[in-house]
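Participant: Below are the structure tokens for one structure; questions will follow.
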Amino acid sequence: MSIDLISMILLWFGLYYIVSLSLNMEFGYAGIPNFGKALSVLVGAIAVGGILDRLLMLYFGIGGDFITGTTYATSAINNLIASNPIVGIGILILAIILASILGFVVGAIFILPSAKLKEDYLGITLLAISEAVLLICTYNLNIIGGYYGISTPDILAFVSGEYRGWVFAWIVLFIAFLVYLFFERLLNTPFGRVLRAMRENENTVKAFGRDIMKLRIKTMAIGSAIGAIAGVLYSLYTVNIIANAFTRVDWTFFPFLMVLLGGKGNNKGVALGVLCYVIVKVLLDIYKYNIKYALGIPFEPVWLSYMLFGVLMLLILYYKPSGLIPEKPIITPPMKKKIMEISGK
């Protein structure tokens, strides 16, 4: 396995793990079927392309056409980053902050029209809203350049090309690890236990005086804020944003596959699911034509991954609905103390 292949696997693992962790909180813990997950990733791209790029244009005094202006602005900032790496780090931090705030607000607003719906209708409504926003971003050139796309800053302009992939992969992995620690801490609190209770039986949660709508809004706001971080990292890695890159297949359905494969409600299981998916995905992308000629597949190999992962999704739902690492029961500190007392006796 080549060095570049390993760095690509690590990079995609980090990106998808961030998205899948946020989806695991929404779906695995809270039971919200967020079929519009791609929207939160798109929001991260909007924060970079629609807000950060405009700020750079203002800073360098560049006017005129938005798409052309971003090209000049990113070229100017890249030259600055190449001589001063701190600027690149600052842009990354600023982009993450902007995306998190925007994602939090959009996530809360996103769920409002459908927060009181049952699971089936809720999932369909979220999908419809997400697709509508994607279409608007695709055909409105003033948001993120539409189908033409726009340039984004190269935060690693000071790193030579042969090492850029590795450095960016480690940055993404580090941020993914921080996100993992955040969710482990958050979901092992009373808030996380309430989300599990809401997933199992909303009426029970209502009986204890908790507002289901407020819980859903909080969950979606946090999940969207984290999902937007993945959008930022992806946009900065590719140094280009195009709306068509944020489809429901890549950023909604495949993350659902990873969560279900690893085990919903279990962040460690999700990591295993993401790793399995990413390894297969990267290998298929690289060797798809070799597989086509070796097996004599009578269709274009570009569709092979969609077919394979679609069949895998059905097999998981039918034979292994709990995933590779099933969710563990909740054991609170008082319960642990009681168990230790009993075992001691």
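Even glycines carry a Cβ here, placed using N, Cα and C.
Annotated transmembrane segment per Swiss-Prot: 3-23, 42-62, 91-111, 124-144, 163-183, 222-242, 269-289, 297-317, in sequence order.
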Participant: Between the stretches 3-23, 42-62, 124-144, which wins on the count of C-beta pairs under 8 angstroms to the transmembrane segment (222-242)?
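Facilitator: Maximum Cβ contact count belongs to 42-62.
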Participant: Same chain, outside the transmembrane segment (42-62) by at least 6, Cβ under 8 Å from its Cβ: which residues?
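Facilitator: For the transmembrane segment (42-62), the nonlocal Cβ contacts are 69-70, 72-74, 76-77, 91, 94-95, 98-99, 102-103, 106, 130, 133-134, 137, 143-145, 150-153, 224, 227-236, 241, 243, 245-246, 251.
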Participant: Cβ under 8 Å, sequence separation of at least 6 from the ends of the transmembrane segment (269-289): give me the contacting residues as numbers and ranges.
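Facilitator: Contacts of the transmembrane segment (269-289) (Cβ under 8 Å, skipping residues fewer than 6 from its ends): 5, 8-9, 12-13, 16-17, 20-21, 24, 28, 180, 254, 257-263, 301-302, 304-305, 308-309, 323-327.
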Participant: Are there residues at least six beyond either end of the transmembrane segment (3-23) with Cβ under 8 Å to its Cβ atoms? List them, or say none.
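Facilitator: Cβ under 8 Å, 6 or more out: 34, 37, 40-41, 165-166, 168-170, 172-173, 175-176, 179-180, 183, 222-224, 226-227, 229-230, 233-234, 237, 251, 254-256, 258-259, 262, 267, 270-271, 273-275, 277-279, 281-282, 286.
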